[in-house]
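Pulled from Swiss-Prot:
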BINDING   Leu20, Arg21, Gly62, Lys65, Thr66, Thr67, Glu128, Asp129, Phe130, Arg171, Tyr181, Arg218  ATP binding site
BINDING   Thr66  Mg(2+) binding site
BINDING   Arg309, Arg314  DNA binding site
REGION    1-181  region 'Large ATPase domain (RuvB-L)'
REGION    182-252  region 'Small ATPAse domain (RuvB-S)'
REGION    255-340  region 'Head domain (RuvB-H)'
Amino acid sequence: MDRIVEIEKADFEEEIETSLRPTSFDDYIGQSKIKENLKVFIAAAKKRAECLDHVLFYGPPGLGKTTLAHIIANEMGVSIKITAAPMIEKSGDLAAILTNLEENDVLFIDEIHRLSSAIEEVLYSAMEDFRLDIIIGSGPAAQTIKIDIPKFTLIGATTRAGMISAPLRDRFGMQFRLNFYTSDELAKIVQIAAVKLNKECEKNAALQIAKRSRGTPRIALRLLKRIRDFAEVNNENIINENRAKSSLDALGVNDLGFDEMDLKYLEILGSTKNRALGLSTISAALSEDEGTIEDVIEPYLLANGYIERTAKGRIITAKSCEILGIKYKMTQKGLFDEDQ
């Protein structure tokens, strides 16, 4: 099901997202602690004339992991090569990428948790010793060829840090979790992006967009672009609060950033009242795969207290019951009483 608040990036958005992407830490809104630490580490690496240590970014999709990788490369004054783990199928694929890097370049691997164990084995020596150990042949006749490669910085990005093997994770000298953005931060991002899209967006309008963006810049920018379309058709050069509200309502995004899929998810949990639901059950009810539910739908709901995840499954909270108009009553066991 296509969703206007879908966090995953579609191919057609790549070009316009690049044009809206900040190119320096000074232009990057949010994630203040991460920015300040990275500034120090980059300055130290440049002072020593070394490549930056390897970096792992993790957290929900759409929060700026790729953007930060680009900024790191810009601040270091080096090139960045971008790939995704599913595209690295054989050790030869990785070898081709690494041998084509220049000294101190940045290699960005998205979805790094999806690397196979065989590829990880090759990556270990590359990360630690800047050397490739390639095994040729098999059995007693197998030989290991050692190839020196340029020193480089690996930046890995993942939405599932728990799925990264411990040996790979431990080789990242810097590990940062990206958090959801505040409404004020998102409003600033929206207003800056609106100017780049040749529109003026009033502050109250930007806040309306921010409130419905699930703490995620990618969603905020997608909503802004759709609202711009409504304004364009109505010959409006300025996006005001009324335009933002009416457009968002037309798009089916409510004041909490929920769309039909979120509400259906909560209604499924609310209908059980006195028992938790497992992921497979929710997946079947929503006709969505489990990975999409875990990576896209649930993070925002969990972070904001709309659901809880227990050993027995997912349960609805009082906060969500109030939204749905469902009676919430806890038993001594900590579950919900059924209406009598």
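Yeah, the Cβs are placed from backbone N, Cα and C, and that goes for glycine too.
For Arg314 (DNA binding site), the Cβ neighbour count at a 10 Å cut-off comes to 22, with all displayed protein chains included. Regional average pLDDT for the region 'Head domain (RuvB-H)' (255-340) in the model is 84. Residue pair Arg309 (DNA binding site) / Leu20 (ATP binding site) shows a Cα separation of 36 Å.
Note: Phe130 (ATP binding site) has non-local neighbours Asp148, Ile149, Pro150, Lys151, Phe152, i.e. same-chain residues 6+ apart with C-beta under 8 A of its own C-beta. Straight-line distance linking the Cα atoms of Gly62 (ATP binding site) and Arg314 (DNA binding site), rounded to a whole number, equals 24 Å.
For Thr66 (ATP binding site) paired with Arg314 (DNA binding site), the C-alpha to C-alpha distance reads 31 Å. Residues within less than 8 Å, Cβ to Cβ, of Glu128 (ATP binding site) and separated from it by at least 6 positions along the same chain comprise Arg171. Thr66 (ATP binding site) falls within a helix when secondary structure is assigned with DSSP. Non-local neighbourhood of Tyr181 (ATP binding site): Ile29, Gly30, Leu63, Ile189, Gly215, Thr216, Pro217, each in the same chain, at least six residues away, with C-beta under 8 Å from its C-beta.
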